[in-house]
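Here the structure comes first, spelled out in structure tokens, and everything after it is commentary.
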Amino acid sequence: MLAKHAFYYFISHGLPALISFASIAIFTRLLTPEEYGVYALIFAIAGLINAVVFEWLKFSLIRYYPKHKEDPSFLETVKLSFVGLVLTSTVVGLIFYLTFERLTFTYVVLCLVLSWSQSWYGIHLSLLRAQLNPKAYGYLSFSRVALGLAFSTSLILIGLNEIGLLIGMIAAFWLTLLVPTLRVWKAKPNVTQLDRNMLKGFVKYGFPLSITFLLTVVIHNSDRLIIEYLLTTSDTGLYSVTYDLTQQTIYTFMMVINLAAFPIAIKALEEQGEVAAYTQVKKNTSLIFLIAIPAALGVIILSSNFVYLFLGAEFREQAMMLIPYIAIAAVLRGFKIYCVDIVFHLKQESSLQVIPVVGAAIVNIALNFLLIPFYG
């Protein structure tokens, strides 16, 4: 079953990944490093909002769907929780805008809407994963990236630049999600079906994971904010595009295995017990390493060809220098998330993940402030 589902997820992620590479090639030729840097900053902040506010809900959906899939209140509780979080983040965003004079209203709105779009998209993809439905997952992923490339490129060409890129991405999210939202989730919320006990279980399981995920996002996104603070927006753009290209190449392979493997491990745990689940995790880990290490070596060895194919001229010199470091970091990140953290998810001991990640986040931020002024 793992090989079959991994193949489907490889197709469903491989084709969108190719379009994403094409997007990077196009956007780095249409935008300056500074414009791409603005986009990268907004995207990074939206990712932080997603991690803080919404990610626990996605984790809980995947974990508890096998147990509650016949309960009609399950999806309604997820949907109502999402709506409540959107309203809460709107109020907090407005307070931030009124408090900090330097914030631009357009950027605040784009950041919030992008985070909502990413989150609802992620929640629906998580439902498809829990249902072991890689074909629908692939269709949704492909549609979103294809529409995003078309919309964003068109808006950049008419002069909207990085704002057009962001609007195009948001439009692609919601056009892709329109039919699933109406058909699966239903447009009208039904407050009477909110299961408070179920929601408490979501929070108990998902919130520690959300803290861990937030700290992971801090580790991998704070560098962009620190570069913006210490250097320039152009430097942020140069770094971000190299990081995105390298990370996406290696990380996609590791994620494909996990997308197929984690729901199978959950199913084994629910139906056959811990021993069967851990046996499945060992198989998953072996396959992840079998794929990830050759992928990283390939990216490093072929980095010059890689850069000239996918990046515009202004981005290439810096990218050549950064790729080996980012490739190694991508493998280590994937191992931590998809091989180590999985065990905590299965045992529902997600709070144990927090302590080591807190230490890593502190060290990461400290080293960024120490080393970036000297090495860029």
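In case you wondered, yes, glycine gets a Cβ from its N, Cα and C as well.
Annotated features, as they stand in TrEMBL:
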| type | residues | note |
| --- | --- | --- |
| TRANSMEM | 7-30 | transmembrane segment |
| TRANSMEM | 36-57 | transmembrane segment |
| TRANSMEM | 78-98 | transmembrane segment |
| TRANSMEM | 104-124 | transmembrane segment |
| TRANSMEM | 136-157 | transmembrane segment |
| TRANSMEM | 163-182 | transmembrane segment |
| TRANSMEM | 202-220 | transmembrane segment |
| TRANSMEM | 248-266 | transmembrane segment |
| TRANSMEM | 287-310 | transmembrane segment |
| TRANSMEM | 322-340 | transmembrane segment |
| TRANSMEM | 352-375 | transmembrane segment |
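By the Cβ criterion (under 8 Å, sequence separation of 6 or more), the transmembrane segment (163-182) is in contact with the transmembrane segment (104-124), since 3+ such pairs are found. Looking at 202-220, 287-310, 352-375, the range that has the most CB pairs within less than 8 A of the transmembrane segment (322-340) turns out to be 287-310. Each of 104-124, 202-220, 287-310 was scored by its Cβ pairs under 8 Å to the transmembrane segment (352-375), and the highest score goes to 202-220.
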